[in-house]
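Novice: Below is the structure I would like to discuss, written out as structure tokens.
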């Protein structure tokens, strides 16, 4: 960490969090993980290793459905790991899918593959004894899970725009470059998981494994990056610490990016020092300075981000402490150039184009709706087998979207009928409402240790109830962006939904309304600590008014604000917790 101290960063006078000690003592993230792998007395990791495995893309979890039962039997919780792959832009080849499918079936407790809204896949329920084989498998097919969790730059998102294929490819290449550029330089991941060799700390190692961008204590907190291609904001570009909005020149070629910082959706119930936030614009950079801008933002966060209080350690709090102008000036100093004025752009939609679309290169792309991103086999819907069968014949690639769906991309005209037949056979093509198409949930119970309420397991029935409400008021063909998360950690971006549910306790949620369709506005708390049925009743009343009082093409989230049902969140750090403090201004 830098020795720099500037006005407004009072945290620098306070003790560092223990995570900073942990990273310093970790021998560049190796810890004693190899020793723990040999310990068969527990299914989990001890001491610092419990946290260190996160830097390698894993979390220790257990099955909370049977936790009490095992406690009665005097057994430790049934521990296992979540593995999150690094997959910039969400592109994966069919041969890679075949291998990850095989591992999921043979070695995970839940025999499923979970698509995430960060455009990658997760395994749930991997036993400790299968971790090294899993990482070696990923390595053998050109994948890894480096830096998909913990205090690093996580999986980089990129708009899944199959129509503008050339522009998408250009932006995707930059998403990959950004991901690679911001990776840790340490060989700790390979030493532990692939080579399985113990490396002792030494002065020579310190010289070899210098971390010129991240530093030896890495970043103060998680760091998320996205690349968006207007007019589609499928990646929720305002929700990330660092964001790049692709700008085209007069010939339709990528010429640079608008750079935004300070987005993030996590907060803590009742803690008014925490808040969700939409990102602020720093300005425009031409293509040749893109990596310098990314590095400059990361270095600024590295040096000035809060390392004392992890609840205030994300980039948005650093921007608040330094001021936006102060943050911009430090980034410009790091990259040795000035930002140009922000270039004009417009986002008009956020969801995926479900079904077939044709690209400008005449290839076809089939977007499959995957509810909550869960790919598994059920008697009525053998989705996992269906995707496997597609992988066996598909000649293009798969793209995981930021809405947890799957695109069968680059299908030739002559292969289209075969792809569609397989997808229909296994229930991968289905008739769904617009409401369901635009709904998301986090995993939550039974595996997430932070979950306060259900999410994925209640979403299907909850959306069915809301579908009835929309039909009742003759707006069944309309879309309301609805998201459920089991806690306020923000994993499924409920704080950018028109209707956002945030878990408060088992069976109870806080209801937020008033986000917009473009993903520019934070929804405000409307009702606190109520049941799902009470939420349905509240939405019934709101939709009744929306259906009869709205203006032409007025979205639900815009209506509840125009009608003064709820006040907008204008400056989240000022008015998220108290609408009486609103100071009218622009959001970005």
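Even glycines carry a Cβ here, placed using N, Cα and C.
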Novice: Please state which member of 334, 448 Swiss-Prot lists alongside 442, 487, 491 for binding [4Fe-4S] cluster.
Specialist: 448
Novice: With an 8 Å cut-off on Cβ-Cβ distance and a minimum sequence separation of at least 6, pull the same-chain contacts of residue 442 ([4Fe-4S] cluster binding site), or say none.
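Specialist: Looking at Cβ-Cβ distances below 8 Å from residue 442 ([4Fe-4S] cluster binding site), excluding near sequence neighbours, one finds 448, 451, 455, 456, 484, 485, 486, 491, 492.
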Novice: For a quick check of understanding: among the binding-site residues 487, 491, which residue's Cβ has the most other Cβ atoms within 10 Å?
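Specialist: Its Cβ has the most other Cβ atoms within 10 Å: 491.
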Novice: Other residues near the [4Fe-4S] cluster site, CB within 8 A of the CB centroid of 442, 448, 487, 491?
Specialist: 443, 444, 450, 451, 455, 485, 486, 489, 492, 503
